[in-house]
Amino acid sequence: MTGDGTTGEAVVSLRGVRADLGSRPVLRGIDLTVHRGEVVALLGANGSGKSTAIRTIIGQVPVSAGEVELFGTPRGRFRDWARVGYVPQRTTAAGGVPATVTEIVSSGRLSRARFGVLRKADHAAVRRALELVGMADRAKDSVNALSGGQHQRVLIARALAAEPELLIMDEPMAGVDLASQEVLARTLREQVASGATVLLVLHELGPLEPLIDRAVVLRDGCVLHDGPPPKALGQHALPGHDHVHPHAPTRTGLLS
Amino acid sequence: MDILDYAFMQRALLAAVLVGITAPAIGIYLVQRRQALMGDGIGHVAMTGVGLGFLLSASPVWMATAVSVLGAILMELIRWYGRTRGDIALAMLFYGGMAGGVMFINLAPGGSNANLTSYLFGSLSTVSESDVTAICLLAGFVVLVTLGLRRQLFAVSQDEEFARVTGLPVRALNLLTAVTAAVTVTVAMRVVGLLLVSALMVVPVAAAQQLSRSFAATFAIAVAIGVTVTIGGTVTSYYEDVPPGATIVLLTIGAFMVLTALATPLARRRARTAAAARPAPDPAECAIPAARAADGKVGV
């Protein structure tokens, strides 16, 4: 929150990035830079390539041309993953076997744990992350017993457990009830206030609108707009504009 | 306990206990990543190894280990690269593995499908001294991996995409899971047989899930069930002269059904206790003062 974000160090930088899924080009040469302390929203219709753009940054989707850098290091050589917190696009935090909220969130701490051994400080960080999203009282519950919004809070706590400098979130508000949306907006506000950099994919700006410094709009794998959040999209956030995202409960994510 | 007087039964019980521990221990990660039938596939591929062992007069257990490890690595590679045609490639691998086993064993001097049967459905009484040595070594490897790397394997099996961003070597861990599953298949081969191996990897985990809320508890209960049914099945097969593999698998499914029947009232009671312990359940969130008070408590 330096006010003038463009002068800060580039935390995420994509230059001329192209990516294909199968033989279909999904990204056709996009440029995107996120500076330290900025909150950047990646907007666009379904199929515009916003999730793919995020997934090239974390290395889940290979890049066919162009360069991706994290904290000034080419992605292929980047090792300092504890600086990055990632919230993938999911409707559930559950897997094929029951797991408690703490067990799921603890896996977010592995980037700071040596050989997968969690020490006292790591357990404390997990507890803090749960408190940040207001889930500390559910720590020992099975994630199967949670609502959709609570699942999302668990996924965000998992990303926060490593105390990252950069948060990358893919549609954190999809399928989230209003109470959880407010908790998430508050959590994000606190993170930004303490200096975190945020890149998030959004379907609409919604309750996060006041936090967004800059919006990048994609269409057909190209950058259509890069600047202040577009006003038209902002209206989607008005109270009473209800978006319902139907998701089949058993699926683990639209792209997984 | 006259059952322990016989050396072959001592070997059989030792092998059974090791299978009861290792099969659910790796199986839980396969169930978690929703690849419950992977063990079945590896079992098919391992048949080629058994056949080759007979053909080359080498140890069928070690040959099966080598071939199923190769098969498991191939399955992982198919999963990475052959996204669209992956399941067809896997089908060819499985049935090719089975056909290869039948072919090699019939080519072997004096070999016939009868030799194969003891590997397909298990044959505890023919477990040899060297088999036990191999099973102990392989089981040690499986326990070391599944317990020593439990946090890493949990993370990768829970959410592969997220695990990548924690810097875990996702591909290496996936390969290790596949290799460990392959090793477990050969550990269990002599006890329950290649065609029934997958049941011991999956069913104890499914049964344990009926009782547990956490991964750690599921792991412990699944291993406890695994050891109980393998010992129970082995002892039963000694006294009743029934095939051990089939007995063990049917006992496991029986355990699953009993636990499922027990779990329903247990879950209801648990829900009631949870509701009682939490004086402000979901409806109270509408009342703003109550919600604020609850929030305040959490923050402190």
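Including glycine, each Cβ sits where the backbone N, Cα and C put it.
Features of the protein shown, as given by TrEMBL:
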type	residues	note
TRANSMEM	B:12-32	transmembrane segment
TRANSMEM	B:52-78	transmembrane segment
TRANSMEM	B:90-112	transmembrane segment
TRANSMEM	B:132-150	transmembrane segment
TRANSMEM	B:162-181	transmembrane segment
TRANSMEM	B:187-208	transmembrane segment
TRANSMEM	B:215-239	transmembrane segment
TRANSMEM	B:245-263	transmembrane segment
>> Below 8 angstroms Cβ to Cβ, which residues of this chain, lying six or more residues outside the transmembrane segment (B:215-239), approach it?
In response: 3, 9, 12-13, 16-17, 19-21, 23-25, 27-28, 32, 124, 150, 154, 191-192, 200, 204-205, 207-209, 245, 247-249, 251-252, 255
> Is the transmembrane segment (B:245-263) in contact with the transmembrane segment (B:162-181), using three or more Cβ pairs under 8 angstroms as the rule and ignoring pairs under 6 apart in sequence?
Replying inline: no
> Near the transmembrane segment (B:245-263), which same-chain residues lie under 8 Å Cβ to Cβ, leaving out any that are not at least 6 residues past its ends?
Replying inline: 16, 121-122, 191-193, 196, 199-200, 203-204, 206-208, 210-211, 225-226, 228-230, 232-234, 236-237
> Excluding the flanking five residues on each side, which residues at least 6 beyond the ends of the transmembrane segment (B:187-208) place their CB within less than 8 Å of a CB in that stretch?
Replying inline: 12, 15-16, 18-20, 22-24, 26-28, 30-31, 36-40, 42-44, 46-47, 50, 61, 64, 118-124, 126-127, 131, 135, 138-139, 142, 181, 217-223, 225-226, 229-230, 234, 244-246, 248-249, 252-253, 255-256, 259-260
